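Student: Take a look at the following structure, please.
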Amino acid sequence: MEKSILITGAARSGKSALAERLALRPLGRAVYVATAEAWDDEMRDRIAAHQARRGAEWDNRHAPRDLVDMLIETDGDAPRLVDCLTLWLTNLMLGDADWRSEGERLAAALMHQKAPVIFVTNEVGAGIVPENRLAREFRDAAGWLNQTVAQACDTVILCVAGYPVRVKPNDFDF
Amino acid sequence: MEKSILITGAARSGKSALAERLALRPLGRAVYVATAEAWDDEMRDRIAAHQARRGAEWDNRHAPRDLVDMLIETDGDAPRLVDCLTLWLTNLMLGDADWRSEGERLAAALMHQKAPVIFVTNEVGAGIVPENRLAREFRDAAGWLNQTVAQACDTVILCVAGYPVRVKPNDFDF
Amino acid sequence: MEKSILITGAARSGKSALAERLALRPLGRAVYVATAEAWDDEMRDRIAAHQARRGAEWDNRHAPRDLVDMLIETDGDAPRLVDCLTLWLTNLMLGDADWRSEGERLAAALMHQKAPVIFVTNEVGAGIVPENRLAREFRDAAGWLNQTVAQACDTVILCVAGYPVRVKPNDFDF
């Protein structure tokens with residue numbers, strides 16, 4: 001098993017740019033696994049802005065729901081960048097899929113991957129408790145998914161203002 | 001005085017599970033001080049889910065408002081886990097109590113405790129400024145309480161995706 | 001060029017008090033550059049509470065929009081504390097200014113400053129995605145500005161419960 005990395009942080013904290021640097025570092029090329037569904041124009045603009053940063057060194061794939069199968073299918077020598085887990089979770093929840101089973105399948109599949117996977121995810125639970133019940137369920141699910149994937153990764157990074165803060169492994173004795 | 005610990009972080013970042021491990025480490029048993037009021041079914045479900053994780057090694061107590069007295073009453077050899085400060089603050093504010101005096105009493109009382117106290121709290125101020133005035137007052141109060149208790153603790157931990165990031169003490173020279 | 005510092009963190013996480021200590025450390029006096037516009041009574045109260053903490057060692061200035069000119073004008077021997085970048089950004093956006101150009105001008109100007117600048121900013125992107133489109137645009141802009149200023153600073157600090165967590169420089173090899 002190769003080393004996998006989870007990059008979390010606030011919106012616009014530089015997670016994707018950092019993930020791209022890390023994914024290209026070993027070979028100069030990598031597989032980009034987008035999870036976003038282009039539901040509306042705003043999302044289409046965001047996807048276009050992200051793609052504009054990427055060149056020919058990227059093999060672009062799209063896995064809004066079948067992420068585990070996509071990782072199995074693309075497991076060769078090149079790192080895979082999954083951007084991002086929170087959009088994947090959104091798609092699963094909106095499609096009434098069993099997101100908890102899918103999250104556990106993802107963590108289990110990571111153990112058998114030959115090439116590394118770099119995941120981008122989001123911190124969504126550090127604001128005031130949302131009044132909207134669906135929003136509360138989503139932030140609970142996102143927190144659970146982040147913990148579940150973090151356990152299966154060798155490295156966890158918190159991105160702050162474009163810079164990485166080490167979360168796992170660390171020298172904190174517990 | 002024994003070492004006290006403040007564990008903060010986003011919702012569902014693994015704070016409670018980490019706090020439980022730390023509380024049981026010295027003796028294999030500890031006092032669990034719940035602060036939640038079961039206002040509605042959703043909260044009752046959350047409390048039940050948290051209790052389901054705890055076995056006979058826990059002496060379960062309930063202190064939705066009189067937390068300082070509870071800490072004095074339970075100060076023996078076993079660590080106390082307080083879960084959590086933000087719900088305690090919510091109860092004080094909803095009951096029109098003087099939360100600022102209570103927070104200062106809590107920090108002062110910590111200085112005289114023989115057994116350690118492990119506090120769970122929440123980061124609630126890292127989202128967009130809430131439109132609701134009460135929500136703004138709550139996040140200001142929660143930030144103040146976190147700072148006040150952090151000063152009285154030996155260790156402060158930020159929990160991210162289930163892993164601890166060291167906040168206090170650290171090697172940052174200021 | 002002297003060392004500049006960016007201090008970010010949640011609301012009420014102790015950023016301003018830490019920034020004030022850092023600004024006064026070299027000479028015992030510093031320039032305070034407030035960016036807040038007193039739009040309403042609540043904001044006036046917040047400004048007054050912040051000012052009450054500051055004594056005669058502070059040279060108080062006000063730059064709700066012309067922050068770059070203010071830094072050039074006050075560049076002598078004493079550190080400047082800018083509190084805060086998110087309010088400056090708010091003023092630029094509400095005034096329909098070209099905030100992106102202003103942010104880039106700010107980062108470029110930092111390179112030529114003789115005296116240090118300590119910036120306070122806010123983490124606003126770690127909650128649930130806001131339903132309000134303007135709020136989403138603001139948090140994207142704030143994240144971009146934080147990254148842009150962080151790149152031009154020698155030190156970046158995340159403030160948690162009143163204590164600094166090192167973000168830049170760090171020992172994380174990337």
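Yeah, the Cβs are placed from backbone N, Cα and C, and that goes for glycine too.
A quick note: this is a predicted structure, and the numbers were derived from the prediction, not measured.
Straight out of TrEMBL:
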BINDING   A:GLY9, A:ALA10, A:ALA11, A:ARG12, A:SER13, A:GLY14, A:LYS15, A:SER16, A:ALA34, A:THR35, A:ALA36, A:ASP83  GTP binding site
ACT_SITE  A:HIS50  active site, GMP-histidine intermediate
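Are these features on the surface or tucked inside, and what are their neighbours?
Tutor: In sequence order, A:ASN122 make up the list of same-chain residues 6 or more apart from A:ALA11 (GTP binding site) whose Cβ falls under 8 Å from its Cβ.
In the three-state DSSP reading, A:HIS50 (active site, GMP-histidine intermediate) counts as helix. There are 17 other CB atoms within 10 A of the CB of A:HIS50 (active site, GMP-histidine intermediate), with all protein chains counted.
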Student: Cβ under 8 Å from chain C: which of the recorded positions A:ALA11, A:SER13, A:ALA34, A:HIS50 qualify?
Tutor: A:ALA11, A:SER13
Student: Please report the number of other Cβ atoms within 10 Å of the Cβ of A:SER13 (GTP binding site).
Tutor: 27
Student: Listed GTP-binding residues A:GLY9, A:ALA10, A:ALA11, A:ARG12, A:SER13, A:GLY14, A:LYS15, A:SER16, A:ALA34, A:THR35, A:ALA36, A:ASP83 - what's their greatest C-alpha to C-alpha distance in Å?
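Tutor: Largest Cα to Cα distance for the GTP-binding set is 19 Å.
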Student: For A:ALA11 (GTP binding site), name the DSSP secondary structure in the helix/strand/coil scheme.
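Tutor: Note: A:ALA11 (GTP binding site) is coil by DSSP, not helix or strand.
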Student: Around the C-beta of A:ALA36 (GTP binding site), how many further C-beta atoms are within 10 angstroms, looking at every protein chain?
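Tutor: Its Cβ shell of radius 10 Å holds 18 other Cβ atoms.
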